[in-house]
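J.: Following this message is one structure expressed as structure tokens.
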Amino acid sequence: MKAPIPHLILLYATFTQSLKVVTKRGSADGCTDWSVDIKKYQVLVGEPVRIKCALFYGYIRTNYSLAQSAGLSLMWYKSSGPGDFEEPIAFDGSRMSKEEDSIWFRPTLLQDSGLYACVIRNSTYCMKVSISLTVGENDTGLCYNSKMKYFEKAELSKSKEISCRDIEDFLLPTREPEILWYKECRTKAWRPSIVFKRDTLLIKEVKEDDIGNYTCELKYGGFVVRRTTELTVTAPLTDKPPKLLYPMESKLTVQETQLGGSANLTCRAFFGYSGDVSPLIYWMKGEKFIEDLDENRVWESDIRILKEHLGEQEVSISLIVDSVEEGDLGNYSCYVENGNGRRHASVLLHKRELMYTVELAGGLGAILLLLICSVTIYKCYKIEIMLFYRNHFGAEELDGDNKDYDAYLSYTKVDPDQWNQETGEEERFALEILPDMLEKHYGYKLFIPDRDLIPTGNIEDVARCVDQSKRLIIVMTPNYVVRRGWSIFELETRLRNMLVTGEIKVILIECSELRGIMNYQEVEALKHTIKLLTVIKWHGPKCNKLNSKFWKRLQYEMPFKRIEPITHEQALDVSEQGPFGELQTVSAISMAAATSTALATAHPDLRSTFHNTYHSQMRQKHYYRSYEYDVPPTGTLPLTSIGNQHTYCNIPMTLINGQRPQTKSNREPNPDEAHTNSAILPLLPRETSISSVIW
């Protein structure tokens, strides 16, 4: 049965006058297009959803039944986006179906995302609107999609109700829904102050740890519907104006600056929670805002949030004055305000007077600090600094140019087979490492008595050798102290005077802890006797390293001279002089005369016997190399055989002077005692002719 004509006219009039006033995108083909509706559908893949035609829910004051009675038909189209081609939807009646003014998806698929346009029209009238549908997947490891959440805020200590949103289409009027709640996708033992009512979760007293994501889960048929709401907890809404932290309201703050320099005035304030209202903080000079000043040199920085907690903020803003002039001086005020009031505080920008006293004190303080630093550096690195200066700018030591040696080395000689575990390192250092480093590495010329002194030389010869040296090095090993190796310097008057008057500089090397050793008190007395004395500690094998403090200190105390270090090839000549360098030679004529005299007095049978016996014994006892010389059968040594050689023998000085020893004619020569008679000893190498172990 058709409706009466007056009734249809009234329906059309009501329909056309009840249109929602919104911005229309335009009209095409006589159809009014309301573009995309503000309501957007967002659903997880696999969940059901109902899309309603928005024309019946806000654009016109009618429903689907009245429109259909008025002869209007409803059609659905789908497009990928605004302006794209729209194609009619073919409903299959199962997964996607048209039911009155809606489309049902049971369930949704990813390809269902897009714009769905509903159009109502007849032959004379047309209107359409598009509805957006987004189908997404859960985030990895979560039960929700972070882009499809609802957002709620709650104030601390107040109550908050969280609803399970947009589930009206899945509720039955005759049945209570069964809804499960999760926090961060996990079941939770809810505290008693949290209550569940139908489709809501009620928190009676909000706490800070209530912040998080709440997910409600509802079963609809064979499907699951989930909605997630993120709850943010804030401080209670403030009813007070902001609080100025700096400058303070109660007093005027003075900030000094120099003309021509830059000035920075910083204002800090605390803002309570005021909802979504941003903090308002700014500077003024007098009654003018900073941006209203004519000077471009004066400007405000951006507002910076220093701290934020539960919506409460501590913020700051700076006023910068570039190249301060007289006109920039004056009073500046910082204002802060919110809906509850306004506060301000002032800063007086003042010209700084030059304070010459302070500047002078600062300059003197800087000089004093520099002086202290320089003295400290010099104290710590004095030796390194002096060595650097000597090596690059120093001149050779002129005092003592007429002396032949850089140093006289005094030590106690102990055979290696007598070294023990406690003193072995000290003896090796004194006999091998010390002379080898000084001569071969640093290039010094040493007088080593064991090497350079005529074996039977007397104490006057030692004094002359010390006098020809620029330094006296005494190596204080435990054996040296026990044997009182310094006695020679006390017995000879000339040597003692040299030490007391400071004619020679003494370097005393202590190789170990000497306290408690016999004769140690005499060592201390000796130190007080020597006028020019330097004591250097040798602390064991770690001091043997070339870059150690020990070698730097010793090089500093030695005379400075520009000498190329002696190489191993330079230290040895054709006569194989030994490990410590050039040897002193004895006059060839005197040695020949002495040898002839000595051998002439010896029994012929003892010559070869003693020669072999003495050499074999001394080779076993001494650690230096030994050298053999063949004695001519005539008992005299040709002059050419000892020329250009360093030949040594254990011959008394009386024989070198041409004297002949007195012997008893009635005494038979004893071969076993032949080695004790120095008058008949043959020519021996210098290693086996040492008559003393202390030099």
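From the backbone N, Cα and C atoms, a Cβ is placed for every residue, glycine too.
Just lifted these from Swiss-Prot, have a look:
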type	residues	note
DISULFID	Cys31-Cys126	disulfide bond
DISULFID	Cys53-Cys118	disulfide bond
DISULFID	Cys143-Cys185	disulfide bond
DOMAIN	143-232	domain 'Ig-like C2-type 2'
DISULFID	Cys164-Cys216	disulfide bond
DOMAIN	242-350	domain 'Ig-like C2-type 3'
DISULFID	Cys267-Cys334	disulfide bond
TRANSMEM	358-378	transmembrane segment
TOPO_DOM	379-695	topological domain 'Cytoplasmic'
REGION	657-679	region 'Disordered'
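Each of the listed features needs to be described in terms of its position in the shown structure.
T.: Sequence-distant neighbours of Cys31 (disulfide bond): residues of the same chain at least 6 apart with a C-beta under 8 Å from its C-beta are Val119, Arg121, Cys126, Met127, Lys128.
Every protein chain considered, the tally of other Cβ atoms within 10 Å of the Cβ of Cys118 (disulfide bond) stands at 23.
For the recorded site, Cys143 (disulfide bond), the DSSP three-state label reads coil.
Reduced to three states, the DSSP call for Cys216 (disulfide bond) is strand. Long-range C-beta contacts of Cys216 (disulfide bond), restricted to its own chain and to partners at least six residues apart, with a cutoff below 8 Å, comprise Cys164, Ile167, Ile179, Leu180, Trp181, Tyr182, Asp199, Leu201, Arg226, Arg227, Thr228.
Its Cβ placed at the centre, Cys334 (disulfide bond) has 26 other Cβ atoms within 10 Å.
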J.: Round to a whole number and give the Cα-to-Cα distance in Å for the pair Cys267 (disulfide bond) and Cys185 (disulfide bond).
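T.: Cys267 (disulfide bond) to Cys185 (disulfide bond), Cα-Cα distance: 44 Å.
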J.: Between the disulfide-bonded residues Cys53, Cys118, Cys334, which lies closest to Cys143 (disulfide bond), Cα to Cα?
T.: Cys53
J.: Do you know offhand how many angstrom separate Cys53 (disulfide bond) and Cys185 (disulfide bond) by C-alpha?
T.: 33
J.: Take the Cβ of Cys164 (disulfide bond) and count every other Cβ within 10 Å, whichever protein chain it belongs to.
T.: 25
J.: Between Cys334 (disulfide bond) and Cys118 (disulfide bond), what C-alpha distance do you get in Å?
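T.: Taking the Cα atoms only, Cys334 (disulfide bond) lies 57 Å from Cys118 (disulfide bond).
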J.: Could you tell me which of these disulfide-bonded residues, Cys126, Cys185, has the greatest number of Cβ atoms within 10 Å of its own Cβ?
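T.: That would be Cys126, with the highest Cβ count within 10 Å.
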J.: Do you know offhand how many angstrom separate Cys185 (disulfide bond) and Cys118 (disulfide bond) by C-alpha?
T.: 36
J.: Mean pLDDT over the domain 'Ig-like C2-type 2' (143-232): what is the value?
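T.: Mean per-residue confidence for the domain 'Ig-like C2-type 2' (143-232): 93 out of 100.
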